[in-house]
Each structure stands twice: as C-alpha cells, then as structure tokens.
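Here's what Swiss-Prot has on this protein:
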- HIS60, HIS62, HIS207, ASP291: Zn(2+) binding site (BINDING)
Amino acid sequence: MNMLVVENGTILRGPELTPQRKNLVIEDGIIKEITDERAPSGERIDASKLMVCPALVNSHVHIGDSVALDVGDGRPLEDIVRPPNGLKHRILESSPPGMLMEAMRNSARDMITHGIGSFIDYREGGPEGVELLREAIGDLPISGIILGRDPVVFDQEASRAEIRRRVRGVLRVSDGFAPSGMGEITDETASIIVEECERAGKIASIHVAEHRESQRRSLEDTGMSEVERALNAGFKLLVHLTNPVREDLKLVRESGASVVLCPRSNGALSSGIPPIRRMHELGINLLLGTDNLMFNSPDMLREMEYTLKVTRGCARRYFPPVEVLRMATSNTSAFTGTGVIEEGFPADLILVEKLSGDPYLSIINRTESKNIIYLIIKGKLVKR
C-alpha cells in the first residue's frame, strides 16, 4: 500500500471548489480520506502555506499540431484547418512519424509543467494517429483521452457500412470519435458516429459554430444551424459554440450537452468570443481547452486568465472566477473521471503558492509554473 498525506492545506473541495483547511490521505492513487485528524503514517507534505487544487484538465487540444507552431497566421481559418486539404492537414501528412512523436511528447511535457494532469485530444490520422500519440506519451505522468477520426467521414460516396466499419476501427484504439465539424459531414454520417460511440461506451464530440460562415452555410443548405444538427445526431460534447444563432443555446441546455470553450483560439483566429456568461446563466456545463497548438501554447493558466477577463469585458458585467476554475477542473469529471477533490476520486492535484487572499484569483491571475510547488498524479509526486 502506497500512502501519501497532504497536511494542513487549503483544499478546494468538491465540485464547487469550496476552500477548506483539511488533511488529505491518499492511498494507492485514490483520495481515501479528507479529515481534520492527523494521519498516523505515510509520506507527508506540509501544505500549510499552499492551496491544494485539482490538477488542471485541458479539454480540447490538437497536440499533433505541435509540428506546425505559428504557421499560417493571418490566413482564413478554413485555409488552415479545414480537412482534408487545410494547411495543417498537409503538414501532418508530410511529417515523419518520429518528428510527430517528438513534437507531441514535448507538448505533453509542457502541459505537465503547467499543472495539467489530463487532456482530451482530437487526433487526426485514423487508428495509426491515435496509436502514435499513445506511444508518444506512454511513459509520461499525464492522462490522454484521445478522440480519433477517419477521413472516410468526408467521403460523400462512402457507404453506410464502410463508414461504420472505419469508425469502429478508430474506436477500437481510441476513447471516442471527433470529426472536424458538421460542415464536412452529412447528418447521416453524424448519426452513425454517435451510434457507434454509444455502442462502444465512448465519447462522441464535434466542433460547432466556430465561425459565422459555417453557420450561414448550414442554415442555407439544411435549414438548421450546425448546433441543431449536432444535437439531433446526439453529440454530447460540443466544441467552440462561438457563434450561436436562433435557439442554439437553449437547445444545448435542453439536451444536456457540454460545451468546451476555446476563447484564446477564437481570438487568435478572429472568430469572435463565445457568449460565455449567457451559457453559464442557462446552466450549460462549460469546459475549457487551448485548441490548436498552431495558434496557442497548451497552458491552461493562460487560458483561464484570458477567459475570465474577456468574459467580463464582453458582458460588461462581473463573472465569478470560481466558475472559470471549475471549467478547467470539476466540470470535466463526467468525461475524465478527475477534476474533483473528494473521497474516492483519483489523487490528481496541484499544490500551489498562495499569492493573494482570493484562492481563485490567486490561481487564475497570478500563478505561473514556478508557483506550482507539487504536482501529484494518481497519488504520485511528479518531477516537472
């Protein structure tokens, strides 16, 4: 039995991240007990001057883009990322596997350095692309939830049987399936993807409403927004929702789907800023991700600070910082199984210096990598 005790820390406990001065008893990677009592044995960390926060979760990243940092700046979004012939796809296809692996591994190390314990990756390249990423991070102390894709979904002439076969092939090695967007696939293909993910008990996710033009095309071609079509197909994890139209947000709320926000990426690509405050008011479960490494570092500390300030600026109203920290931690638990400090959950934690009297703003506004004193993943101390 491996035991680690974190003593006297200010823990951000439960889904609401409630500050409490407690001791954490960790056994075999799991939080066994949260208590006022002193544990009788085990390796100890004195956290009396530290805050204990769930390790951060990057809920949307394309780590394969690590081979194309800052390429294509200023070009139209579709020229850069739209499959199958966007700039990034051409670069990925022409990059040797060894180069891709090294770049992805370096980006994973960067995430670890910045307190990230888990990430959800949207991986191109079919089953081989998924397996390449698994190999790249296999011995690193970070959990990769890898959603794959296959170019067959873009083929208008592919049979239902062929699409189903290829989707199943990806799902055999991945944690889910995530096509680029509703603008590149038919509604029938979208339904097949969701059906196969549900059958396998895996995640079905898709980009929607990232920019106005894709929404306009969807309305003209189908009479429905990208969001409506994605929800009709049954997707439960939507990415971006930067430019909702009509009743999009209410439909998302009614469906129970979660939304991954990527405001730094949206800003970099001049796509707009999602209506974050309105989504929160409607009760939509919001997650946060850094998106393409082409445009952004995979740093959730920077993502949180940008999110808080741009949300307040766009709404011209106060927005609680705890809600932004929840986007990067506890709101992700349904998809990652982490992000919550509570008995029975995995011990994925960061212990950070208290830099101000407000625990949430201290992390969001002021914490840098150097202020993360300990990173604990599955109950083990991680060297950064």
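Cβ coordinates are placed from backbone N, Cα and C, and glycine is handled just like the others.
Remember, it's a predicted structure, so these values are computed and weren't measured experimentally.
Counted within 10 Å of its Cβ, the other Cβ atoms near HIS207 (Zn(2+) binding site) come to 26, all protein chains included.
Burial estimate for the binding-site residues (HIS60, HIS62, ASP291): highest at ASP291, by number of other CB atoms within 10 Å.
Other than the site residues HIS60, HIS62, HIS207, ASP291, same-chain residues with C-beta atoms no more than 8 angstroms from the centre of those residues' C-beta atoms, the Zn(2+) site, are VAL61, TYR122, VAL239, HIS240, VAL260, CYS262, SER265, GLY289, ASN292.
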